[in-house]
Amino acid sequence: MRTLWIVAVCLIGVEGNLFQFGKMIKYKTGKSALLSYSAYGCYCGWGGQGKPQDPTDRCCFVHDCCYGRVNGCNPKMDTYSYSFLNGDIVCGDDDPCLRAICECDRAAAICFGENVNTYDKKYKYYSSSHCTETEQC
């Protein structure tokens, strides 16, 4: 399933939300979203189950929960406006749906940046068979 997420990112190109989220991640971490965060732990990438394995994986868990609270929107596809300003990410939409999606992505990118030093390569391409006890949002 994570492969599908990677393919989706490539197909969306510059118009999709996942591309925008990737740019935010790169801005806050210096890392490629596709290479570093698309298949990490139990929650980074398509889907998610189990217990977050570390602070980075918890960022993805919280992001998934945030997307789950955005009703009536398409968080992985809707395009929103944002800018980078003095080291921060500023969401700029008046549309409540687009703003909520942007804020979810912004919070996750900031979380990745705050936890970049705890990123552990052992969780990259982590087998979902290790992701058993599911946490609730």
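Cβ coordinates come from backbone N, Cα and C, glycine included.
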Given Swiss-Prot lists TYR43, GLY45, GLY47 for Ca(2+), the same-site residue among ASP54, ASP64: ASP64
Residue among CYS44, CYS66, CYS73 that, according to Swiss-Prot, closes a disulfide with CYS60: CYS44
Recorded disulfide partner - CYS104, candidates CYS66, CYS73, CYS131, CYS137, source Swiss-Prot: CYS66
Cross-link partner of CYS102 (disulfide, per Swiss-Prot) out of CYS91, CYS111, CYS131: CYS91
Densest Cβ neighbourhood among CYS59, CYS60, CYS137 (disulfide-bonded residues), 10 Å radius: CYS59
Cα-nearest neighbour of CYS44 (disulfide bond) within the listed recorded positions, ASP64, CYS66, CYS97, CYS104, CYS111: ASP64
10 Å Cα neighbourhood of CYS42 (disulfide bond): matching disulfide-bonded residues from CYS59, CYS60, CYS66, CYS73: CYS60
